[in-house]
Amino acid sequence: MGIYYATLASTFILSLLARMANDKKYKIIAIFWIFLVVSVLVLFSGLRSGIGDTGMYKHTYGLLVENPNFSKANGDYGFVLLNLILIQFSNNPQTIVFVVALITQLCNVYVLNKYRSYIELEIFMYIAAGYFTVTMNGMRQCLAAALLFLCVKFIIDGSFKKYLLSVLIISTIHQSALFMIPIYFIARLKPWSKKIYMIIGIAVLGLLFYEVLSGYLFKIIENTNYGYYSDFDEGGSSIMRTFVNMVPIIFAYLKRNKLKEKWPQSNVFVNMALLNCIFVAFGMSNWIFNRFSLYLQLYNFILLPYIIRNCLEGKQRRTIYLAFIMCYLIFFYREQVIGLNMEYKSVLDIKSIFYYTPIHR
């Protein structure tokens, strides 16, 4: 886990330097620090040799090297096309891992930086909340989520045609992206309006009667890529994860008037964070709902740091800032160390770089 802590600490410091440079209007210097943040994340993610489905994607890449065709697409033609393009340049399966890591981390950090407040907290939250680790597990879906994250401007501006076209294209990478089409209309609603409270009410009823409704849900998705979740009996996410995802919404509600005054576009981020909280709550019963939250959780990383910086003042702000770091460190340790016992293995032999081992003949 040492390399995880090093990544968390180094990206926090680099992001803090970027924020300080931005505050002093040194934009070029700030961009340099953000470039280093992206570099750390891309190298960590792109040079891994394992974690989650990485081996499967490398295996598929190897099969396409031997037999380059669309027969293995299963509807995800965009991702297969990316593989087919890359094999023109390299037959090394690590290529797809590195390129997907590059695109995913670049897109995510770009949007986080575009809507920055405390950029160091955004990056810290991105890693400590476990999302960065997930990008190395469900890499194809997280690639789709990162590309859709770039489209947040279309939601804010109300450009539905552009957004719809983007979703349809991105869905060729992962079909679950289609789920974000109806989300567009919910995201543009006025926060804490009657319609939003109605959605919350429906969600609460859904949680109360989950056992009854889940049968109908899994009947609908049984012929999709998620059909196997109907037989998944290992439970879902922890209640702590649900609570952690509730925190941005709690702050958004408490500071709703000041948030509306200072940031008129915040409705999109508040509603996305609320929907994320709902899906994570359902995720306590079945992991499939957490898969959909991958498209929504990214908005938490912008919303909460913004509230801390712009809706709190003086001692209260400093206290919450420090509490934020401490609480997320505890959550990071519980989820990544105790829960998952994460280990990082790289395609690079780090020891061979620093230590020379003579060959005995």
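Cβ atoms here come from the backbone N, Cα and C positions, even for glycine.
As given in TrEMBL:
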type	residues	note
TRANSMEM	31-51	transmembrane segment
TRANSMEM	95-112	transmembrane segment
TRANSMEM	124-156	transmembrane segment
TRANSMEM	162-185	transmembrane segment
TRANSMEM	197-218	transmembrane segment
TRANSMEM	238-256	transmembrane segment
TRANSMEM	268-288	transmembrane segment
TRANSMEM	294-312	transmembrane segment
TRANSMEM	319-334	transmembrane segment
Contact between the transmembrane segment (238-256) and the transmembrane segment (162-185) (at least 3 Cβ pairs under 8 Å, separation 6+): no
Intrachain neighbours beyond the transmembrane segment (124-156), with Cβ under 8 angstroms and 6 or more residues off its ends: 7-8, 11-12, 15, 41, 45, 48, 51-54, 57, 76, 79, 97, 100-101, 103-105, 107-108, 110-112, 115, 162-163, 166-167, 170-171, 173-174, 176-177, 180, 184, 187-188, 244, 265, 268, 291, 294-295, 297-301, 304-305, 324-325, 328-329, 331-332, 335-336, 340, 342
Spatial neighbours of the transmembrane segment (31-51) far in sequence, C-beta under 8 Å, 6+ residues away: 3, 7, 10-11, 14-15, 17-18, 21, 94, 97-99, 101-102, 104-106, 109, 113, 119, 123, 132-133, 135-137, 342-348
Intrachain neighbours beyond the transmembrane segment (95-112), with Cβ under 8 angstroms and 6 or more residues off its ends: 34, 37-38, 41-42, 45-48, 54, 57-58, 61, 82-83, 86-87, 89, 119, 122-123, 126, 135-136, 139-140, 142-143, 146-147, 149-150, 152, 298, 301-302
